[in-house]
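As given in TrEMBL:
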- 158: active site, charge relay system (ACT_SITE)
- 235: active site, charge relay system (ACT_SITE)
- 269: active site, charge relay system (ACT_SITE)
């Protein structure tokens, strides 16, 4: 599979393909222009993709994850097949860039790209996940798979929930809908966010606000956007102040941006929680994507 991308010839290498609920779960590898390394992404093609173009729903995973976590643990395939959605799940960071310190901690560097475009050395050359997710990957998908470029939505979990929210808020009209599981809602005030933003974006905290959903909502003036968030009540990261959804909800309320926030009794931060409610999220997106 080959395509012309940004004036250069790019190859997509298929890593795997498995039939699932009448469709195909595939994984591909390609050389990323934006990240300057090989990247993998997963694509689920529902049965409807055999006969025509389908909407595209992008999933962003959380800390330490690869393209594999969502496709193997969440059980999303049946709902995606029923609603005719192509689901794309990229990796969470560049891999194998040989940057000093990239593998030193689980919440920074490898597996922890935070969906920002880094501005600091030595990260700024490769750690450009924001542009990868919002520009390079959709262009790659649109050129190679039976998707309708005008019908695109985004969702994610934890660090990826943060990613989904900022991608939607920074690009009014680009995504038809957005949802998140246990997102990091106000990273400028959380330990994870402070560590990542200081490393990738530098010490000037005013620059951090461009990648913080709560800050972005306060200045949002784009088209109407309908947000769904599920949060486990027994999530240790909610309890220890990493996620801060109340700050985001307050900002949305002030700006009259509709957000459905569901605090789910007894659920934690993991994939059993996601698997329980993922069909609800796919229905949420299908409502807008199939309208």
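Just so it is clear, glycine is given a Cβ too, placed from its N, Cα and C backbone atoms.
Please treat TrEMBL annotations as automatic predictions, because they have not gone through curation.
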Just the number: how many Å between the Cα atoms of residue 269 (active site, charge relay system) and residue 235 (active site, charge relay system)?
5
Test of understanding: give the count of other CB atoms lying within 10 angstroms of the CB of residue 269 (active site, charge relay system).
22
Please report the Cα separation of residue 158 (active site, charge relay system) and residue 235 (active site, charge relay system) in Å, rounded to an integer.
11
For residue 235 (active site, charge relay system), the number of other Cβ atoms found within 10 Å of its own Cβ:
22
